[in-house]
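This is the structure I want to talk about, given as structure tokens.
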Amino acid sequence: MTAVQWRSHLTDDQQRQVRDLVTAATQVDGVAPVGEQVLRELAQQRTEHLLVEDQSPGKSAIGYLNLSPAHGADAAMAELVVHPQARRRGIATAMVRAALAKTGGRNQFWAHGTLAPAQATASALGLTPVRELVQMRRSLRQLPEPVIPNGLQIRTYAGTEDDAELLRVNNAAFAYHPEQGGWTEADLAERRGEPWFDPAGLFLALEGSEGAEDSPRGQPRLLGFHWTKIHLDDPGLGEVYVLGVDPAAQGRGLGRTLTMIGLRSLAQRLGDRDLGRESTVMLYVESDNIAAVRTYQGLGFSTHSVDTAYALAAPDAALA
């Protein structure tokens, strides 16, 4: 293994190698080792990249760690992957130690799928679970008809003229959330640029014309939205990508209505394809959001996997 080296920029070839590394790990483990945001960051200079290369003439990537900076009260976050053929050589441990040294022990680590090797590495280094993100799934068969309350308008995304209201509702609904809160126009633009983006899969719930005088430019006010996603690399899999309801509009059943509208749309769009297997939908929810977990269970979802964030319990003592 070569020396661990931090980079603020990856070449096109290094980005390709990291993507190949992620693909190799996913095929063996059955779960992606890093989130989609990490893949978006490969071409950017907003995060730090730790690349471990083998000693072959081509210097192929056998280990990678992405470190996103801290934002306000939210800790810096690391996500890492080691090539299946290069495991049990101390590469993951070396990368974790390098990240802890860089942040003074104050960053967290995502372990997607909470696999046994990740648990063992965390335990050996004194890392403890601080957050759990539950992935839930259900079949897209036998979906009930959504009940649309009186005075509610449902339409799909019309373009950038909807962005201001989308950001307002998103940032109000997820004010507490490390990844989903605080979005800007740039965040929306990045996702519109993704190959999977389909405006017909972004549903908006707006109040009737009687509330229009209270909204910008006299247009109906956005109460909530459901952004769906079809996974292009996993035929037959859809996702509740973002489901947000304005806190001022909660208690009206909008979340359930929007969920079912989006699921029926996913079922129709995926049903148009010759998949050879049953279509499925997934979503992520914080494990401590008991109300949301129970709501999704009531809609037929069950736990598929759990992602765990680890951190040092006492950074100063551990690194002293």
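A Cβ is built for glycine as well, from the same backbone N, Cα and C atoms used for every other residue.
Taken from Swiss-Prot, the feature domain 'N-acetyltransferase 1' covers 16-141. Positions annotated as acetyl-CoA 1 binding site by Swiss-Prot, on the basis of sequence analysis: LEU80, VAL81, VAL82, ARG88, ARG89, GLY90, ILE91, ALA92, THR93. For 152-320, the entry in Swiss-Prot reads domain 'N-acetyltransferase 2'. The annotation acetyl-CoA 2 binding site is assigned in Swiss-Prot to 243-245, 250-256, 289-294.
If you look at the structure here, what lies around each of the features I listed?
Mean model confidence for the domain 'N-acetyltransferase 1' (16-141) is a pLDDT of 95.
In the shown protein chains, 21 other C-beta atoms lie within 10 A of the C-beta of ILE91 (acetyl-CoA 1 binding site).
The Cβ of ASN289 (acetyl-CoA 2 binding site) lies under 8 Å from the Cβ of no residue that sits 6+ residues away along the same chain. In the three-state DSSP assignment, the secondary structure recorded for ASN289 (acetyl-CoA 2 binding site) is coil.
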Fill in the CA-CA distance, GLY251 (acetyl-CoA 2 binding site) to LEU80 (acetyl-CoA 1 binding site), as an integer in Å.
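GLY251 (acetyl-CoA 2 binding site) to LEU80 (acetyl-CoA 1 binding site), Cα-Cα distance: 39 Å.
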Rounded to an integer, what is the Cα-Cα distance in Å between THR93 (acetyl-CoA 1 binding site) and VAL293 (acetyl-CoA 2 binding site)?
33
Just the number: how many Å between the Cα atoms of ARG89 (acetyl-CoA 1 binding site) and GLY255 (acetyl-CoA 2 binding site)?
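Computed Cα spacing between ARG89 (acetyl-CoA 1 binding site) and GLY255 (acetyl-CoA 2 binding site) is 47 Å.
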Nearest by CA distance to ILE91 (acetyl-CoA 1 binding site): which of the binding-site residues is it, out of VAL245, GLY255, ALA291?
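Checked the binding-site residues VAL245, GLY255, ALA291; minimum Cα distance to ILE91 (acetyl-CoA 1 binding site) goes to ALA291.
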